[in-house]
Amino acid sequence: MTQPSVILATASYDHTIRFWEAKSGRCYRTIQYPESHVNRLEITPDKSYLAAAGNPHIRLFDVNSNTPQPLASFESHTNNVMAVGFQCDGKWMYSGSEDGTVKIWDLRAPGCQREYESRAAVNTVVLHPNQTELISGDQNGNIRVWDLTANSCSCELVPEVDTAVRSLTVMWDGSLVVAANNHGTCYVWRLLQGTQTMTNFEPLHKLQAHNGYILKCLLSPELCEPNRYLATASSDGTVKIWNVGGFTLEKTLTGHQRWVWDCVFSVDGAFLITASSDYTARLWSMETGENLRVYQGHHKATICCALHDGAEPSC
């Protein structure tokens, strides 16, 4: 198989992962995933592998072959894996689970190399662009920074007591972090570098973005500059696009019939892909807010999507 320049994948409660031609909307590959549903998908920086976070394992699939079996399986979580991602040169993977732990996995070695205890179900984990800190959000409303150099929790904050943090996102230059919760609220902090590498949070803004849950929040990528956007996907069936300058509402993307679980920007920030309980994924123009393509084929809720349409990053 020749490697497509754009890799778009979705996963659904129908126990399949589907690969799509982004422009035509054609599904060209389906992987059966019978053991559990998939909570999160992530593509490695070099576009070689797709990680599927399930319950309670993570499976790694080859993007460039038709092999239905996973190349590797990562086992040691004991509950739903809700977050998965890769360090910028793809040497290691991180994960967060409802078992209350954040783990780090060396892709070239067996087993889990590090484990951090969050003491509550972890819903979201992001890697700081400095590649040395992980930020996690959990069901009890805690946000924690895990310093990978010191191998410890360097910072802890609770924006709203007992309100689950559903999603975290960090600006590409490390200047902002946004946390979205079950009350439809986004908390925004400036990230200040202290004398050490330790990150300090300075409250910047509180945004009441939706009346329902926010299931995913995402800041726009570097190539979107000078525009900076925040996308919020919600149980109200919409995705809202906010201008990060003053957190004003730029546009509302309407078209999904049910909850919108996930979203991902194209590398230049010109497009957004969304995944919804209405069985579909959709492609949107950020300029017009227009729905350009519907990806139809799943038979149940589509709950996560992954897109890699950029060059391989240089760490």
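Here the Cβ of each residue, glycine as well, is placed from N, Cα and C on the backbone.
Keep in mind that this is a model prediction, so the values were computed, not measured.
If you check TrEMBL, you get these features:
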REPEAT    1-30  repeat 'WD'
REPEAT    74-108  repeat 'WD'
REPEAT    115-156  repeat 'WD'
REPEAT    207-244  repeat 'WD'
REPEAT    253-294  repeat 'WD'
Please work out the helix, strand and coil residue numbers for the repeat 'WD' (74-108) from the DSSP assignment.
0 helix, 19 strand, 16 coil
In the repeat 'WD' (207-244), how many residues does DSSP call helix, how many strand, and how many coil?
3 helix, 19 strand, 16 coil
Please average pLDDT over the repeat 'WD' (74-108) for the predicted structure.
96
In the repeat 'WD' (253-294), how many residues does DSSP call helix, how many strand, and how many coil?
0 helix, 22 strand, 20 coil
Secondary structure tally of the repeat 'WD' (115-156) (DSSP, helix then strand then coil):
0 helix, 25 strand, 17 coil
